[in-house]
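First up is the structure itself, then whatever we jot down about it.
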Amino acid sequence: QFFVFCHGLLQLSQLLVSGYLKSSISTIERRYGLSSQTSGLLASFNEVGNTLLIVFISYFGSRVHRPRFIGCGAILVSLAGFLMSLPHFITGPYEYDQSVASMFSNTTDLCQPGVPGSRGNLSDAGCTPHAARENHEVLLVMFIAQALLGIGGVPIQPFGISYIDDFASERNSPLYLGILFSVTVIGPGVAFMLGSAMLRFYVDIDKVTGDDVQLTNKDPRWVGAWWLGFLVAASLVAISAVPYFFFPREMPKEVGERDFPLVLLRNLRHPVYLLVVLAQVNLSAMVAGLATFMGKFLERQFSLTASLANMIIGAVNIPGAMVGIVVGGAILKRFQMSLRQCSAMCVLGMFLCLLLAFPLLFLGCPTQKVAGVTYSESSEFGHHSLECNLQCNCPEKAYNPICGSNAIEYISPCSAGCRVVNINADNNSVLNYTNCSCISENGLAGFAKPGTCGTGCSHLFLPFVVLSCLAGILASTSHTPSFMLILRSIQPEDKSFAVGIQFMLLRVLAWMPGPVLYGSAIDTTCILWEKKCDRKAACRYYDNNLFRQRYLGLQFFFEVGAF
């Protein structure tokens, strides 16, 4: 029982490390200027190390000191967690465009007619070879950490489960494994809650004092302390690794050798097994994309902070999926279902899920009006320089969104032609911008508030969350019956091997390509890219309608596939 407790703790902290990345992905994108395709690849990269080794490990499982192997794997996972936070410590402080000269920069992004041509240096400073190299280092470190995370995670689940199954009584084994399984479902939920808590702090909380931070966490340039959660999670893993070095080896019962290729063919030719695994591949691909980019989607579509988006996912969507899994299992047990009834239940669950998921495609709003990006008063579309700010010599890349009194958003105070900034003396934050030549009201120069205008979509937020939660509950009711279909339709002696093959297929066909596919689809809907040294970095503005249609459309496509 102590082993079960330790293993539950270890699996929870391992999932914290891998799940926390998903909760802070939109923040890391913003901090290091990554496209969603890159961040999707990063998120699924731990599966690479994992897949390469899982077959060997399952095969050698009975010949090694399993607890010690688990302990070593956990130490690798912990190391990976610490490595993930390393980029924060090797790069300088986060820089963003500001209207107020401060200790970071003496340039401002206000309209200054008298200063011709010298304004281009605002963000070119970050284009030295050193800065470019720094960015490559960051990516390299993160990809290595993700690979290590995958490799370290390999022995943890299979060895732990087989160890428990070997030494627990026949009666208690299902209970213990049930406990572990519920922990693996809770894990990501806890990870998103951890993300929600950490992203409330400013990223450079250790490098600058509170007074120097001029951003609030509602500002589109805000970057939360993404690295803090990795330190917390990695420390937890390190602590839970310790007991494993003191568990006994206990030689398990030897299993008769089996013929590797023969079993593989026998299973792959089995129609029920193949079809159920394909359905699970579709569902897993959907979940992989959902888990990785749902937070980002909520942030953009409903103008939420990263912290709140994580809170919703961790407190509503993931518990919903758990309820579905439990309900599915309970129905199975209560009605002692046959295989045919199991498959009928899966089909019904998916059909109802489709009915609820379809309206989600229409619950959303277009991108807010952004001058020169999604909105233009003259017929010439796509010209960044509006007539009204020609004499301002705006730096091209400035990004410090403000919301005009005419409800139109401008990329920076300069692009709105604002000449005066008013500062709140107490906490050094910007109150508003005045004397803006592009924002005209009744022929007078208007004013603007700092921060984005928002999508004005808050009224649709509640129906969206409720529907997506219900759809998730319905989809996950098919989880347990589909496992039963697999376990009961193949020969008993092939069981563990069939499940191993099933997990490998899920990894290769769903968990690895899923986030990359979703990330690429999201990238196609970007309408304004941040430029770093003449290369595309993170996306500033998406076409929200396209974003929603492609993101949720892809999700719907996989749900239909599973059905």
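Here the Cβ of each residue, glycine as well, is placed from N, Cα and C on the backbone.
Database features, via TrEMBL:
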- 1-563: domain 'Major facilitator superfamily (MFS) profile' (DOMAIN)
- 382-437: domain 'Kazal-like' (DOMAIN)
- 41-62: transmembrane segment (TRANSMEM)
- 69-90: transmembrane segment (TRANSMEM)
- 138-163: transmembrane segment (TRANSMEM)
- 175-203: transmembrane segment (TRANSMEM)
- 223-247: transmembrane segment (TRANSMEM)
- 272-291: transmembrane segment (TRANSMEM)
- 311-332: transmembrane segment (TRANSMEM)
- 344-364: transmembrane segment (TRANSMEM)
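The domain 'Kazal-like' (382-437): residue composition by secondary structure is 6 helix, 21 strand, 29 coil, according to DSSP. Below 8 A, the CB atoms of the transmembrane segment (175-203) and the transmembrane segment (311-332) form 3+ pairs separated by six or more positions in the chain. Sequence-distant contacts of the transmembrane segment (344-364) (same chain, at least 6 residues past either end, Cβ-Cβ under 8 Å): 279, 301, 328, 331-332, 337, 457, 460, 463-464, 467-468, 470-472, 474-475, 477-478, 481-482, 485, 544-545, 548-549, 552-553, 555-556, 559-560, 562-563.
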